[in-house]
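Visitor: Take a look at this one; I'll ask things after.
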């Protein structure tokens with residue numbers, strides 16, 4: 001039997017008999033012929049039957065042998081004629097909406113309830129090709145910077161971050177929790193490998209039912225040692241983002257074109273503004289005066305993004321020096337003005353995309369920071385032990401993968417860029 | 001300030017002043033000089049002081065500027081003279097064992113209790129460099145075969161595989177479970193992407209306290225559609241294994257050398273023997289007669305591995321056609337002899353390393369298979385829905401990452417190749 005080729009490879013085989021396989025995407029019965037469009041992972045192929053083939057409907061899995069003929073008006077400029085069709089597998093039910101229509105006609109709940117079949121729609125699938133290419137680019141960028149990939153526990157003995165939103169587990173009769181981030185482990189492993197990254201699930205028992213909260217998401221975490229301050233972390237993040245976008249362009253060009261996604265340019269150096277200077281700008285140029293507030297409101301982030309675009313032609317903007325009071329206890333203060341932190345947010349198209357910064361690295365600093373926040377040092381025993389053995393100045397960041405893709409594609413609900421989302425109300429499929 | 005360089009880069013800088021940074025690995029005080037060995041992610045560097053430096057001990061984090069001088073008897077053939085030392089961070093406690101000794105002198109419990117500092121020992125760290133390189137090679141091999149990377153839920157609504165060993169979660173007041181494998185999701189996504197892989201954590205509430213059981217491990221899962229039978233899955237697994245080993249050789253050569261690891265050759269085609277033929281061989285050539293048994297005993301696997309080495313010069317051997325009774329319900333039978341399955345085990349150096357095979361793909365076959373095993377079809381509702389919409393013949397495999405590294409390095413306890421293992425008794429650090 002001749003080897004299977006993909007739909008996208010057909011133009012290279014005009015005049016030859018080939019074999020393709022895929023799903024029946026669409027059938028059109030005309031007076032004298034029937035067109036069957038077959039979908040495989042590479043795209044669509046048109047097959048021409050003189051008699052309507054029997055026993056096939058949308059999503060029937062078929063194999064077709066045929067002669068490749070040039071036909072300018074067909075997809076890819078070719079079609080398969082003189083076909084022999086073999087039925088591989090029949091559907092037992094119809095799809096919940098038409099997968100062959102260019103636009104997705106179903107509502108989000110219908111899509112999510114029927115994810116295994118809904119994701120076959122080329123526009124929905126394309127989003128996840130962009131996600132996959134992004135992750136490949138993230139890893140390639142960090143591998144090139146001498147990072148080591150790690151795999152850390154998702155079951156932890158104590159809930160060290162924002163204690164309320166953790167999932168509890170019965171762990172052989174003991175209490176345990178699902179990890180909200182690999183923060184502890186990635187910091188500990190800076191002591192071993194200096195530079196580490198992890199791509200893995202994190203869990204938040206998020207009681208809010210919003211377009212941007214998930215109970216599980218994929219976190220792209222990086223942490224590096226022997227830094228001077230947060231600016232080296234920002235430089236690495238810039239490399240990671242550039243690598244992700246380069247990989248999307250290189251590996252998911254077809255998906256980008258289908259979705260008409262606008263892939264941003266990453267400046268060689270992403271512009272940065274200090275939190276205090278950002279507030280001054282907002283006070284001067286907008287109707288509001290946010291000075292003295294400990295955080296930026298969404299409207300402020302949007303204004304600053306537009307300002308960065310006008311001023312630097314950049315869709316990305318770093319805001320640095322967030323007040324210590326709004327950052328986690330492990331955040332390193334700015335030595336020159338200790339109420340400010342050596343941390344940053346990366347804004348992209350008006351929204352916060354990534355948070356990161358320099359961490360404390362001295363044992364005594366951790367003890368003081370925990371005491372100052374009224375935290376029980378005993379809870380953080382394992383965490384503290386890491387810093388008892390000599391840790392270099394270090395910092396890192398975390399990118400939410402589903403959020404990344406949503407922002408890149410201008411999708412407003414993060415569930416749409418998650419294959420099988422988990423939230424307050426959704427545990428299936 | 002001059003840029004930091006790594007210890008391994010020193011030989012290229014003889015005659016120049018450079019800056020290095022790292023941990024004080026060891027100090028040796030002689031009559032007229034003190035040697036301080038600094039460890040960074042690339043290796044070791046010897047620094048020569050005329051006066052013993054003050055305030056440093058093992059694992060102190062330091063920065064050293066100095067002149068690179070050739071010295072054949074030093075590590076790398078160079079040392080740093082005329083040093084200026086800056087103290088970056090001091091340890092608050094001594095390591096639990098000497099990290100500078102060539103061999104690891106601590107017991108496994110001491111290593112695991114003190115993992116963040118114990119893993120700094122070059123021999124322990126090296127294992128995880130081999131792990132990281134293996135994963136990179138796995139992905140590169142499958143990316144090259146047009147696979148798409150996926151990220152699937154680790155929280156699931158029903159426990160579909162070996163129901164007893166699941167961890168329960170309180171999911172916003174509902175019962176939920178930690179996923180024991182991405183089996184359901186990777187099969188569903190064959191319907192979308194045809195070829196998928198996932199590298200992620202899986203969870204087993206394993207009540208056995210043995211050297212090969214973990215509550216969480218990293219699974220390298222792959223699944224592919226449009227196959228004829230399990231032999232195409234075996235060919236892809238062969239590519240994945242070859243890619244992993246090539247990456248280890250390329251990216252972790254120093255770790256391989258340090259651990260004196262023996263990296264196997266992968267034959268272009270891994271030899272395969274049918275389960276029934278394997279039992280015949282065992283009956284003929286050993287003192288036992290296992291014919292009629294539904295599985296192979298560990299001693300049988302060892303004998304077969306040795307036989308494959310003698311007969312084919314291969315450290316790898318596929319055993320195919322395991323009896324259906326010992327395989328999961330979604331396993332595809334051999335159409336020619338339905339009591340046998342289209343599944344396989346890959347034996348490596350006497351032990352089972354990977355399990356895989358062809359899966360059922362027709363809705364009606366799933367309903368029958370579940371009914372035949374007395375399973376409640378209702379529990380498998382979401383799983384069944386996948387097959388209602390036309391699924392191609394498909395199959396896949398899963399490699400346990402920690403087990404892979406353990407087998408490759410000849411390590412008997414899988415906890416040793418896990419950064420922070422989780423088991424019946426261990427939930428920290």
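Each residue, glycine too, has its Cβ placed from N, Cα and C.
Pulled these from TrEMBL:
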BINDING   B:161, B:204, B:355, B:359  L-aspartate binding site
BINDING   B:204, B:205, B:206, B:212, B:213, B:214, B:352, B:400, B:401, B:402, B:403  ATP binding site
DOMAIN    B:138-429  domain 'Aminoacyl-transfer RNA synthetases class-II family profile'
REGION    B:183-186  region 'Aspartate'
SITE      B:75  site 'Important for tRNA non-discrimination'
Visitor: Could you give the residue numbers and ranges of same-chain residues that sit at least 6 residues beyond the region 'Aspartate' (B:183-186) on either side and whose C-beta is under 8 angstroms from one of its C-beta atoms?
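Guide: The answer is 150, 152-153, 156, 160-161, 196-198, 221-223, 330, 382-383, 386, 396.
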Visitor: Less than 8 Å, Cβ to Cβ, versus chain A; work out which of the recorded positions B:75, B:206, B:352, B:401 satisfy that and list them by sequence.
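Guide: Checking chain A against the recorded positions, the residues within range (Cβ-Cβ under 8 Å) are B:401.
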Visitor: Would you count the other CB atoms within 10 A of the CB of residue B:204 (L-aspartate binding site), including those on all shown protein chains?
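Guide: For residue B:204 (L-aspartate binding site), the 10 Å Cβ neighbour count is 20.
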Visitor: Which of these binding-site residues is closest to residue B:75 (site 'Important for tRNA non-discrimination') if you go by CA atoms: B:206, B:355, B:359, B:401?
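Guide: Result: the closest of the binding-site residues to residue B:75 (site 'Important for tRNA non-discrimination') is B:401.
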Visitor: Using all protein chains in view, find how many other C-beta atoms are within 10 Å of the C-beta of residue B:401 (ATP binding site).
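Guide: Counting Cβ neighbours of residue B:401 (ATP binding site) within 10 Å gives 23.
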Visitor: At a 10 Å cut-off from the C-beta of residue B:352 (ATP binding site), count the other C-beta atoms across all protein chains.
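Guide: There are 16 such Cβ atoms around residue B:352 (ATP binding site).
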Visitor: Looking at the binding-site residues B:213, B:359, B:403, which sits with the largest number of other Cβ atoms within 10 Å of its Cβ?
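Guide: Of the binding-site residues B:213, B:359, B:403, the most buried by Cβ count within 10 Å is B:359.
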Visitor: Treating G and I as helix alongside H, and B as strand alongside E, what does DSSP give for the region 'Aspartate' (B:183-186) in helix, strand and coil?
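Guide: Taking the region 'Aspartate' (B:183-186) as a whole: 4 helix, 0 strand, 0 coil.
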Visitor: Could you check which of these binding-site residues, B:213, B:352, B:401, B:403, sit within 10 Å of residue B:204 (L-aspartate binding site), going Cα to Cα?
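Guide: Neighbours among binding-site residues, in sequence order: B:213.
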Visitor: Taking the Cβ of residue B:206 (ATP binding site) as the centre, how many other Cβ atoms fall within a 10 Å radius?
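Guide: The Cβ of residue B:206 (ATP binding site) has 19 Cβ neighbours within 10 Å.
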Visitor: May I ask for the distance between residue B:401 (ATP binding site) and residue B:355 (L-aspartate binding site), taken between their Cα atoms and rounded to an integer number of Å?
Guide: 13
Visitor: Which number gives the other C-beta atoms within 10 angstroms of the C-beta of residue B:75 (site 'Important for tRNA non-discrimination'), all protein chains shown included?
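Guide: I get 15 for this one.
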Visitor: Could you state the CA-to-CA distance between residue B:403 (ATP binding site) and residue B:359 (L-aspartate binding site) to the nearest Å?
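Guide: Cα-Cα, rounded: 24 Å.
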